[in-house]
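In TrEMBL this protein carries:
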- 2-142: domain 'PTS EIIA type-2' (DOMAIN)
- 280-370: domain 'HPr' (DOMAIN)
- 379-401: region 'Disordered' (REGION)
- 382-391: compositional bias 'Low complexity' (COMPBIAS)
- 622-642: region 'Disordered' (REGION)
- 625-642: compositional bias 'Basic and acidic residues' (COMPBIAS)
Ligand code: PEP
Ligand code: MG
C-alpha cells in the first residue's frame, strides 16, 4: 500500500500552466528513481482521457496501464503549488499527488485522500502549508476503522476446545496485520466470556495495530461447559474504536442469530453482522468498470442513489461489514471497489426492491463508462442451472459448405478434435477441512502422475517442454499451501484450489513481460487438470493422429503451443482474420478459418472436416466424392506450391504476357531479404507503424534512416512503397496518446492523426528520402479521404525535396495515396490528377464500404473484399488512375485471395502486394490466367448483387 512520507513532499512549486506542472511532477518521479522519463507520456495520456482532478484543489496524476512498463518503483511524489495552477478542466489545483504504480495502487491513494475531500478548509491549508509535516498531516489517512471482514473470519476450524478456537482467531488477526505477538500472548491467558447461544468472546488489548474482530467457528461438533459451541469471537480492542464491533455482535445476539453461525458461510455471516437480516432488503451487483469505482463512476452511482426515495447502503461483499451511504461520494470512493468485486446494496422499507434495482442496473450498465461483462468462466459463483443455460447450438449439416472467415491459407482434411472446456460444478463451501485437504492432495498427485505419463509419451520438442513446465507448476509448494489455507477458511477443495490458481494467474498476467504474462494460461491449464480430478470430469486430450483443432477462440499462446505435427488446421467459433492468433497461424503455415460461429462447437469429435483456409469454407462430414475432390485439390495444391516455388524468380505476368507486379507486404524492414528470396519484385506496403511501435518513443531521423536503408539494401534496386505512419483506430501508439473516442475507426487515425504532428511526419519523409539515395522510392499516405490531405503532405515533401541536396536523397520519388475510404474511391478522379499512384487497401475499404468492423468476432465473415460494392469502388479507382496515366496496386488481404486475383487483374490493377509467403503462389496464379479470362471474371463479379453470389459465379466459371 502506498503511504505518504515527508520526503515525498516538494513545497513551493510554481508553474505557468497545468502541462508545466505535470512536467515538474514527472521530473520529480524520475529524480526520486520511481520512473523513467517515458512515464511522462503516460501521465499526459491519462489526462487526455479524463482529468485526474479529485476535488479540494488536489489532482492525482497517474500513468495509463500501458505506461506501467516505465515504473521502476511504486511510490508517490506530492508537489505543492502555493499560487495554484489551473488544471485543464478549469479546476484550481494546489497539490499534485503524482503516483507511480505498477498496478491499481492509485486506488489506495484515492481512498486515503477521500477524507480530505470532505473538509472545507483543506484547499487553503494545503496551499499555505509551510512545512512538509503539515502537508503529510493534512493528506494522511483518517484513523483506521475497526476491521471485521472476510479476512478476519475463520470458519470451520479444526479444534479440540474453546482455547484452540480463540488462538486460531488471534492467529487470523495477526495474519491480517491487525495485531502483533503481544496480543497473542495476552489472549492466551484471557478468560473467555460466555455470550449465550453457544458463543464466547475473548478480548485482548496489547499490541493492537488495528482494532478488529475475528469470528472462529469449529469444524466439528464441540462442547464446552455442557453447551454446544457455535463460535468464538476474538476482539482486538483499542480505545473505543472497537465498540461498534461489539454492537454488531450484540445485534446478532438480539436477533437470536448466533445459532446460525456454524451453518453460515462467510457471505451470510458478514451480511448478518452488517445488519442485513430482517426487513432489510439486499442486492448484490458486480463492479464491471475496468478501473473500479473511481471518481467518475462513483459520482454516477451516487446520483442514482440520490434519486431514490430510500437511504441505500453499500458495502463490498468481501470487505467489512459496515455499509456506507450510497449517496456519499467520498464514502463510495472510499470502498476502493475494483473490477470484479461484488457490492452489497441494502435498503429497508417499502419500494426497497425497486430502489435497489435502479442502483444495481446503473452499476451493470457501467455507470457512464463502456464496460465488458466479467469473465465468469473461472469464477466460483453458483453455476447456471440447466434451465437457465443457453440452448446447445444445432450441429452443422453434413456435407454442406459453411462460410466463415479465411484466416490462414491452405487446405486441411482431417477429423476434428473439439476442445470444449469442461464445466466444473462444485460446492463453494465444505465443512470437513481435513477431508477436503486429503481430496486436494490426492487430486494434485493424480494430476502430476497424468502429466508425467504425458511427458513420457510426448513426441518431444515444444509439446514435451510445455508438459514438463506444467509438471513443475504443479509441484509449486506455495500454490498448494494457498489452497490448503483456503480450505481452512471453510472453502471446498475445488473452490480453494481454483482461488489459489486464479490468484497466481492474475499476478502473472500483470507482469510486463508478455511471454511471462502468457504463462497465466498454462497455470489455468494446470488448475483445470486438478479440478478435473476433483470433480471427476475428464479433460479433453487431443488424439494421437492428425486432426483439425476446433475451439471457441484461440489465444496467441494457444497457437504458439500447437503441436504442428498433428494439428492440420485450426477452426474457431470466434475471432477475426486480423486477430493475433490468425497472424501467428499464418506465420506457422497452419491453415485456419475463424469466426465460424457456435455451431462448430456442436461437432462430434472425429467428424471428418474439409477446411479451406483460402476461401474460409468448411465442410463437415463430406461425401466420399467431395472428400476425394478435396484430397485431389490438396495433392494438386502441394504440387502447385512446389512448382510455384521453383518458378518464384520468374517475372510476374499473365499467360498472355501482361505484367502485373507482385510485391510483398512487410511490417519489419529486416524481413525484406526474406521477401526477395521468395520472389517478391519489390515491397508494395511497408507498414512503418510497426517500426514506431517497436520503440518507446518516436524514432529519430537517424534511427529511421538506418531501418529504411536495411529494406532498401535488401531490395537492391527494386521499388519500396513505404506507407507513412498509420496509427490510431485499432493500432494505438503508446507515446502518441489520442483522446478517447467512441468510434476510433472513424476518428483520429492514419494521415489525419499524422497531420496533427507535422514534425513527426516531416521527419519520417526526410528519413525515407535520405535512406533511398539512388533507389526508387514510393511513399503513400494512409486513410486519405480527399485531395486536401494529399496537398498538405505534398507541400511538406516538396519542401524537403528542395531543402535536401539531390545527392543526399532519393530522386526517383512518387507520392501516392491509399484508397481505403470510400470517399477517396469516389473522388479518385480529382486525386489521380495530383497523386502519382494509388494502392487499394481492401481491408479498410471493405470495412468502411460495408460498415462492418474488420475485427468483429461475428460479422467479419461478411466483410468480404469480393463484395460487388467494393469491386465497383476498385473499378472506379483504376479507371480514374489510368485516365491520368497513373498506376494502381492492391495491398489489402484480397490481393492474395486466389479467387480474387483474376478479378483484380481484369479490373486493370497493375500491382498486387501480398504477404511474403504468398508471393510464389500469387505469381503462379497469374501465369494461369489470360487477360481475356480475367476481364471476363471481373465482368461476372461486377454483375452480381452479393459477395456470396460473386464467389459462386467465379467458382462456376
Ligand atoms: C488495408 O486497409 O487494406 C491495408 C493494407 O492497411 P492495414 O491492413 O494496415 O490497415
Ligand atoms: Mg488500412
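All residue numbers here begin at 1 and follow the chain in the order shown.
Every residue gets a Cβ built from N, Cα and C, even glycine.
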For the domain 'PTS EIIA type-2' (2-142), the mean pLDDT of the predicted model: 83
Counts of helix, strand and coil residues, the compositional bias 'Basic and acidic residues' (625-642), according to DSSP: 18 helix, 0 strand, 0 coil
Tally of residues which DSSP labels helix, strand or coil - the domain 'HPr' (280-370): 31 helix, 21 strand, 39 coil
The domain 'PTS EIIA type-2' (2-142) - residue tally per DSSP class, helix then strand then coil: 61 helix, 31 strand, 49 coil
